[in-house]
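Novice: Dropping the structure in here first, questions after.
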Amino acid sequence: MVNFNKACSSFAAAVLEYDTNKIVHIKSKKVGAINRIIQLAIIGYVIGYVIIYEKGYQSSSVGLSSVTTKLKGTALTNLSIKFPVTVDGKNESGTIFDGPRIWDSSDYVIPPEENDAVFVMTNMIITPRQKQGKCPEDDQYVQARCVLNNNGSDCTEGEEVITGHGIMTGECVKLDRPRTANDTYNGMCEIYAWCPVEYDVLPMPGTNSGYLLKKDKCLLQQAINFTILIKNTVQFPSFGVRVRNINDNQNKSYLTRCQYSSDKENRLCPIIKLKTIFDEISDTAFEDAAIKGGIVAIRIKWDCNLDHDISDCLPHYSFSRMDNADALIAKGYNFRFATYDVENNTQYRTLIKAYGIRFVILVDAKAGKFDIIPLLRNLGAGLALLSVATVMCDICVLYLLKKKYFYRNKKYQYVDDPDASTSEDETKTEERPDRDQYENMND
Amino acid sequence: MVNFNKACSSFAAAVLEYDTNKIVHIKSKKVGAINRIIQLAIIGYVIGYVIIYEKGYQSSSVGLSSVTTKLKGTALTNLSIKFPVTVDGKNESGTIFDGPRIWDSSDYVIPPEENDAVFVMTNMIITPRQKQGKCPEDDQYVQARCVLNNNGSDCTEGEEVITGHGIMTGECVKLDRPRTANDTYNGMCEIYAWCPVEYDVLPMPGTNSGYLLKKDKCLLQQAINFTILIKNTVQFPSFGVRVRNINDNQNKSYLTRCQYSSDKENRLCPIIKLKTIFDEISDTAFEDAAIKGGIVAIRIKWDCNLDHDISDCLPHYSFSRMDNADALIAKGYNFRFATYDVENNTQYRTLIKAYGIRFVILVDAKAGKFDIIPLLRNLGAGLALLSVATVMCDICVLYLLKKKYFYRNKKYQYVDDPDASTSEDETKTEERPDRDQYENMND
Amino acid sequence: MVNFNKACSSFAAAVLEYDTNKIVHIKSKKVGAINRIIQLAIIGYVIGYVIIYEKGYQSSSVGLSSVTTKLKGTALTNLSIKFPVTVDGKNESGTIFDGPRIWDSSDYVIPPEENDAVFVMTNMIITPRQKQGKCPEDDQYVQARCVLNNNGSDCTEGEEVITGHGIMTGECVKLDRPRTANDTYNGMCEIYAWCPVEYDVLPMPGTNSGYLLKKDKCLLQQAINFTILIKNTVQFPSFGVRVRNINDNQNKSYLTRCQYSSDKENRLCPIIKLKTIFDEISDTAFEDAAIKGGIVAIRIKWDCNLDHDISDCLPHYSFSRMDNADALIAKGYNFRFATYDVENNTQYRTLIKAYGIRFVILVDAKAGKFDIIPLLRNLGAGLALLSVATVMCDICVLYLLKKKYFYRNKKYQYVDDPDASTSEDETKTEERPDRDQYENMND
C-alpha cells in the first residue's frame, strides 16, 4: 500500500506539470508604443468589425423560400390577321383575330405558373388555324427554294429542311407569299408541316404579317402598366421563424391600394408596376425588352437580425436586366407554344411565337441570432491575430533599432551542436561549451 | 577548391540551424492537474466531437438532385354551371359541366410537370365558354358601377378597370347578376373583355356561382386520398456514386402495394398519400389548404456515409407548410389558367381560377467519405486548441496562485530599454544593466 | 504639472512594453537541414499550390445564371390510331391521327418553357377524343374485373379503382378490348371516366395500340437529330461582370452554321445535337432513353479568371445521365398531359402519356479576381504552417538525437513548485531552489 501510494505520487509528480513559453518582457517606449498601437488596431478590428459590424456574435442561417406571383392588368389590341395561304393546294385564311381583343393575365402569362419565375408576353407572331398537310416552306429557307417545272429536281422527298418547318414531299410549288430574296427561284419545295407555316417576321410597318404596328412598339403596349404581386414566404427552420413580405398588420385594403416604389413609404408594398421595374434598371428601356424579349431579375433580400423584433425583418427589392440588352446576335427572348383544338375530326392548332419579359425571382434570405459558439470562435481567431503585433515589434527590435544586437541576445539563446566540432573538425571534444554565447545570455 | 569547401561549409553553418521556443516547464500538482484536465477535455472534444461525431475524417460533398413526381387518384364531382350572362347584348349560358364528371391527374396537375414542384388543384372557379366581346364588368369593381340612362357619364371610353377584366366601351348597361352592394347604382360599365367575365366567388352555400358546395369543403374532396409518387435520383460526382429513393432490390409489386408512413416499415416507400402529409403537419388541416390553396414543402434529406455500404444510404422525408396558414390577408394560393378552342371561327376559352396545394420538393443531399486531408486538417486545428490549456494555466499561475511572483520571474525575462535613461532622463549612461532583473532570472 | 508629467511618464513606462517569446537558436547541421527542407516544402506548398495553383491571391464569387433553351428539328410519323371503344354503351373510334403527321418543337417541348430545364417528347401513348361518360375500366386493373350477368355483385357503386381511371357505377359491362389475362372474368366494371380510358401499352410490335412500331424504336425517331440551343448569361454582381455563352464577336451566320462537338473548334458552339450528347454519355444509348424516357444533365461550367481578359472566360459543357438507365423498377420518365376542346357543348380532351428526355441544365459559375485580403489571409495561414517544421525538429532533437538530454536542458527551463515540499512532505521549507536545474540552465 505504501508502495502503491509512492508510485501514485511519483506518477502524479511526473504527469502533473505544464509547459509554457518563456517570455522576454521588453520595456522600450518606442517599441512598446508600436506594440500597443498595433494591438489596439487589432482589438478594434476584432471588436468593431468582426464582432459588431459583421455580427460575429450571431450564428447565421440561410432561409428556405417560396415564391408565387400574380399578374394583373389588361391590354387591348385591334388585330386583323389575314394573309393568303395555300394548304393541300387550296387557298385558306384564318380570321379569328379580327377586331378588338382583350388580353388578360391568363392569356399573357405562359405557363400559368413556374417555380420562382414568371413570363409576361408582350409581343407575338400569331399563326392561327394550322393543320397537318402539305404546303410550301417559308422562302427564307434557301435550302427549300426551287424553280417550278424543273421536274422537282430541287426538292428531295423525305429530306428535312434544316431548322425549318417540315419534311419535303419532293414537289416544287408556287410561293404563297411575296418573294423576299432576289435569287433566281420562283417556287418553294412543298413540305409535310403544320400548314400554313409560320411567317417569322415581327409585326413592323411595311411587313406583310397581317397586323401593322407603329415602329418600335410591341403588340401589348399596355404591358408597361401591368402589376406583379409577389408573395414570398421565408422559413428559417433552425430558428423556428417564418417571415412574409406581406404584413398581417396592414389592413386588407392596403393590398388593393399600394404600389411599390423605392421611397420609404412604399418600398414594402409587394405589388410592383412593370414601369417601376424598368425605371429602376438604368441601362435598358421597357420598349427594348418588350419588342424582342428579355430577362429581368427581381432580387428579394432578407437580412434578419433575430435579436431584434421580428417585425424589423423586412425585404428589400432590387431589379436588374439579366440578359445582354446590347447583344448583337441572339438577342432577346422568345419561345413558341401552341393551343390545340379539333373540329370535324381535324386537329387545328394556333401557334404563337411569344416575345416577352421573363422575370426570375431570386431570393437571398439569411438570418442571424446570438450564439455563444461563433462569438467565442471569432474572439479566439481575432485574438490570435495579436501575435501579429509581436511579429512587427520583433522585426523592429531585432533588425531596425540601433541596439538590435543587445535585444537579439536577450531574445535568442544560442546553442551550438555539441557534436559539431567532432563531426566537422574531426577532433574528439565531446561538448563545446561555447561560453561566449552563454555569457552573452547573461550579459 | 579548399576555399570553395570552406565557403560552402560556413554557408551551411549559417543556414543549417533552427529556432524553437524556450519552454518553462513547471512542476506543480495544482496547476498541472488543471493543465491535464483541460488538455483531456480538448482532446476529448477533438477526437470525440470533431473527428468522430462530426465525421471530421471525411471529405464531404453536396449531391446533384433530380426529382420527378407523378400523381394518382380520381375525384368525382356533380356540377351544374349555369348562370345568366350577357354577351354583346344577348343572353348566353354555358352548360358543359353538367352532371357527373371525373377529374384525373391530367386534369388537376397544372402544368403537367415542373422543376422540383407539383401543383394539385383542389378547388376552382370555372368560367366556361368565354369569348371576346362586350359585356358588363363584375359589380365588385366600384370604379365600374354606373347609373343607367345617365348619358354614360359614369363610364369613360378606353379607360381600364383597375385590376378588372377589361377596358370600358363608354356604355352603361344592365347588371347580369344579382347586385351585391347596397350603393346607389343599377348598372355596370360595359367593357371589352372575355365575356362573360369571371364571377370571383368561391363556391359556397348561398352564393350564386352555379354549383353549391357544403360549407368548408373543397370541390375535389377526394384529393385527400390522392397519392404522390416521388422519383428522386442523387448524384455525387466527386465520389462517383448515384443513389435513388426507389430500391432496385424491392420487387416490382412493392411500388403498387406500398404507401409511405413515418413508421419503420414504410418510411422508404416513395408513394405518399396527401392525407399522410397533412397528418404529419400538425399546425394546419387539409381542408384549410384545399379550400383556399397552400404551399407545402416536402423535404428529402440524404446523409450518406460512403465508408459504409451504399445500401445504408437512405432518404428521410419530412413535411411542412411553407406559407402562413393563419395569415389574415393574401392567404392561400391560386392562379388562373385557360384552355382555348375554336368553333365556327370564334375562339372560346374556359377560364379556371385554380386553388390548390403546391408541393415544393427540397432535396438536401450530402455524402462523406474517408479522406486524409480533412482528417489532418481537423487534427491540426484541434490540437492547436491545446494552447488554450497553457493560457488557462498561465492565468492561474501568474495571477491567482500565492506564489505568482515566483512564477512570473520564471516565465518572464525582463529586459529594459538600454537607451531608456538616455532618451528620457537626458543622461548619458550607455547601458543600464538592471541587475535585479537578471539576478531574478537566475534566482 | 510636474506631478502630472511624472504620472504620465510612469504610466507610459508601465504600458509601453511588449512580450516576445524567448527563442532557443540551435545550430546543428542535421536538424538544421531537416528544418530547412521542411520549411522549403511548406513554402513551396504555400506559394506553389495555395497561392498560384489554387489562386489564393484572388477573391472569388459565384455567378447568377439565367438559362433559356430552344429546340429545333421536325419528325414525321405515319400513324393510324383506331381501336374499338365503348362510351356510354355506344361504339366510337377516334381517327384524327390518320396519315402523315409532322411534330415540331411546339408539339414535342412540354411545357413550352421551364426554369433551367426542357423536356423533349420522343415517345407517347395517344388517347384521342376522350369525353366524360361511362365505360369499362382497362382490364389490367384486377380490382375491376367482373363476371357478366352476376347481378353486378363484383362492382361496388362509388368505389374508386385504385390508381385507375375513375369511380365505379356498379355495373359490369363487356370488355371493349382483347382480354389480356387468363383469369375467369368476361367483363369489366363500368366507371365514370374520361372515355375511352387509356390503353397503357407502349406502341410495340404485336400490341393492339393501333399504331405499330419496329422493335426498340421510339415514335419520334428523328429526335436524335434535334438540336438544342442554350442561351446562358452569367452575372457576377460583386465584380460587375456579365458573360454569355454566345460570343458577340462571331458573325450572325455562325449561329446558323455551327454545331457543338467536344473538339477545340466547336466546343463553344451553343447549338448541341441530341446525338452528340448521347455519344458523350458512354453508359447509355439514345434509344434506351427515348423509348422509356430519361433525365440528362447538361452542366455548364464557368471558371473565370478576371485578371485575364474577359474574352478568355469561356464555358465548358458536359453531359451525364441523371437517372439510372439500368434500374429494374420504376425506370424511365413519363407524364401525362391533355389538351381540351369543346364541340357541340361537349368537352373533349386528347390525352398524351409522354415519354421523353428531360434535360436539366446545371450552371456552375465562379470567377476570381486579385484581392489583397485573401492573399494576406492565405499567406498568413500558410506561413503559420512553418511551426510544423519546428515541431518536427523538436521531436528530432528532443527524442531522437543522441544528445537529446543536452538539448532538452537548453529548451526547457525546469521550475518546481516551491510549495511542493510543503504540501506534500509537510516540511516547512519555503522554497526549494532546485539548483541542479538552474545550473543546467546556465550549463
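Cβ atoms are placed via backbone N, Cα and C, with glycine included.
All annotation found in TrEMBL is predicted automatically rather than curated by experts.
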Novice: Where TrEMBL shows B:LYS70, B:LEU71, B:LYS72, B:THR227, B:ASN334, B:PHE335, B:ARG336 binding ATP, which of B:LYS55, B:LYS252, B:LYS353 is named for the same site?
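Specialist: Same ATP site in TrEMBL: B:LYS353.
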Novice: Of the cysteines B:CYS189, B:CYS195, B:CYS218, B:CYS258, which is paired with B:CYS135 in the disulfide recorded by TrEMBL?
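Specialist: Recorded partner, per TrEMBL: B:CYS195.
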Novice: Does anything in the same chain, at least 6 positions from B:CYS155 (disulfide bond), have a Cβ under 8 Å from its Cβ, and if so what?
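Specialist: Listed in sequence order, they are B:ALA144, B:CYS146, B:MET168, B:THR169, B:GLY170, B:GLU171, B:CYS172, B:CYS189, B:GLU190.
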Novice: Radius 10 Å, atoms counted are CB only; among the disulfide-bonded residues B:CYS195, B:CYS258, which position scores highest?
Specialist: B:CYS195
Novice: Under an 8 Å Cβ to Cβ limit, what residues of the same chain, 6 or more beyond the ends of the transmembrane segment (B:33-52), are close to it?
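Specialist: Same-chain residues near the transmembrane segment (B:33-52) but 6 or more away: 375, 378-379, 382-383, 385-386, 388-390, 392-393, 396.
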Novice: Please report how many Å separate the Cα atom of B:CYS135 (disulfide bond) from that of B:ASN225 (N-linked glycosylation site), as a whole number.
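Specialist: Pair distance, Cα basis, whole Å: 41 Å.
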Novice: Given the binding-site residues B:ARG336, B:LYS353, which one's Cβ is surrounded by the fewest other Cβ atoms within 10 Å?
Specialist: B:LYS353
Novice: So among B:CYS195, B:CYS258, B:CYS269, B:CYS313, all listed as disulfide-bonded residues, which is physically nearest to B:ARG336 (ATP binding site)? Use the C-alpha atoms.
Specialist: B:CYS195
Novice: Of these binding-site residues, B:LEU71, B:ARG336, B:LYS353, which are close to chain A by the rule of a Cβ under 8 Å away?
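Specialist: Sorted by position along the sequence, the hits are B:ARG336.
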Novice: Work through the recorded positions one by one (B:CYS195, B:ASN225, B:CYS258, B:CYS269, B:CYS313) and name whichever has its CA nearest to the CA of B:PHE335 (ATP binding site).
Specialist: B:CYS195
Novice: If I take the alpha carbons of B:ASN334 (ATP binding site) and B:ASN225 (N-linked glycosylation site), what is the distance between them in whole Å?
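Specialist: The separation of the Cα atoms works out to 21 Å.
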Novice: Using C-alpha atoms, which one of the binding-site residues B:LYS70, B:LEU71, B:LYS72, B:THR227, B:LYS353 comes nearest to B:CYS195 (disulfide bond)?
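Specialist: That would be B:LYS353, the closest of B:LYS70, B:LEU71, B:LYS72, B:THR227, B:LYS353 to B:CYS195 (disulfide bond).
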Novice: Filter the recorded positions B:LYS70, B:LYS72, B:CYS258, B:ASN334, B:PHE335 down to the ones with a Cβ under 8 Å from chain C's Cβ atoms, keeping sequence order.
Specialist: B:LYS70, B:LYS72
Novice: Between all pairs in B:LYS70, B:LEU71, B:LYS72, B:THR227, B:ASN334, B:PHE335, B:ARG336, B:LYS353 (listed as ATP binders), what's the biggest Cα distance, rounded to the nearest Å?
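Specialist: Pairwise Cα check on B:LYS70, B:LEU71, B:LYS72, B:THR227, B:ASN334, B:PHE335, B:ARG336, B:LYS353 gives a maximum of 24 Å.
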